[in-house]
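Trainee: Take a look at this one; I'll ask things after.
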Amino acid sequence: MKRHLISAADLSRDDAVLILDTAEEMARVADRPIKKLPTLRGRTVVNLFFEDSTRTRISFEAAAKRLSADVINFSAKGSSVSKGESLKDTALTLEAMGADAVVIRHHDSGAPYRLANSGWIEGAVVNAGDGTHEHPTQALLDAFTMRRRLVGPDAGLGRDLDGRRITIVGDVLHSRVARSNVHLLTTLGAQVTLVAPPTLVPIGVEHWPCEVSYDLDAVLPKSDAVMMLRVQRERMNAAFFPTEREYARRYGLDSERMARMPEHAIVMHPGPMNRGMEITAEVADSPRCTAVEQVANGVSIRMAVLYLLLGGAEPAVAGNRTTGEQ
Ligand code: NCD
């Protein structure tokens, strides 16, 4: 594995499977009465958030704490960034504090790449979402959720997503989640179809390793998982569709549409959800929707990523494989 996690495209199939398998071990720890491992004791993880976040920030914090790392949470609001401090000076401050890993979310696409290749900091950089570019740990937790739901955690060899048909629906243009998922899911052998209004399909999508459709109803019966994306109003500087009602009618998932999906198929959403827009409350609250499960799985995935990047030479979970229950 590389030293940083910036893009899902950087992950080979072996890397991705290693992270998913390690996350599976981490998930078993979550079922124990004491959920903490000593693996990253004495290491410092900084969460550097320049953009709003609920799930991702809490999830990285929980992951680092469960591995016994020291965690420093930095949010741009209320910091010297609002006085105009640059990314460089912020990074140098973190370096002075001895950060072993920096988890960064930034409104500019490319900011994590800049941080990783600047020489400003020594530690590992993890991209927690940059602009409309990528969100690799979200794609990993999505793949983990699909693997558990569609293949099963104990399926043994071939536990990846070979031949599974995944449909990603909605505001693909502004979605770093969609970009990272297209890369990772195809690496894991799945077939991805994007469904969106033509105005929300990115330029150059013909070079992406996926299909594009404008007809949700036609694609649903052929899907093993349907991932609904949030309509990202904060990134829209123009009108991309006539009205919310029109959008919901053509591209929203309601119970009637969900009934077109095969019985085993799941509905996913990275959150935050616009209930009534891309997904109805009824679908969001149905047992087929994995949104809450995705959040829980996110902690296991981020534990695995931090553990693998910070290079624990010893097994992450001593109990299961070597020295007996911990
Ligand atoms: C996503 C994000 O921030 O990119 N959410 C998340 O990380 N769980 C998707 C979104 O904001 O719609």
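Glycine is treated like the rest: Cβ placed from N, Cα and C.
According to TrEMBL, the protein has these features:
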DOMAIN    3-147  domain 'Aspartate/ornithine carbamoyltransferase carbamoyl-P binding'
BINDING   R55, T56, R105, H135, Q138, G271, P272  carbamoyl phosphate binding site
BINDING   K83, R176, R230  L-aspartate binding site
DOMAIN    163-309  domain 'Aspartate/ornithine carbamoyltransferase Asp/Orn-binding'
Trainee: List the Cα distance (Å, whole number) between K83 (L-aspartate binding site) and T56 (carbamoyl phosphate binding site).
Mentor: 25
Trainee: Please list the binding-site residues from K83, R105, H135 whose Cβ falls under 6 Å of any atom in ligand 1.
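Mentor: Near ligand 1, sequence order: H135.
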Trainee: Just the number: how many Å between the Cα atoms of R105 (carbamoyl phosphate binding site) and R230 (L-aspartate binding site)?
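Mentor: Here the two Cα atoms lie 18 Å apart.
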Trainee: Of T56, Q138, which of the binding-site residues has the most Cβ neighbours inside 10 Å?
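Mentor: Going through T56, Q138 one by one, the largest Cβ count within 10 Å is at Q138.
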Trainee: Name them in sequence order: residues not among R55, T56, R105, H135, Q138, G271, P272 whose Cβ is within 8 Å of the mean position of the Cβ atoms defining the carbamoyl phosphate site.
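Mentor: Neighbours within 8 Å of the Cβ centroid, excluding R55, T56, R105, H135, Q138, G271, P272: S53, T54, S59, A128, G129, V177, P270.
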Trainee: Using DSSP, how many residues of the domain 'Aspartate/ornithine carbamoyltransferase Asp/Orn-binding' (163-309) fall into helix, strand and coil, respectively?
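Mentor: Tallied per class, the domain 'Aspartate/ornithine carbamoyltransferase Asp/Orn-binding' (163-309) gives 63 helix, 24 strand, 60 coil.
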Trainee: Of the residues named as L-aspartate binders, K83, R176, R230, how far apart in Å are the Cα atoms of the most distant pair?
Mentor: 31
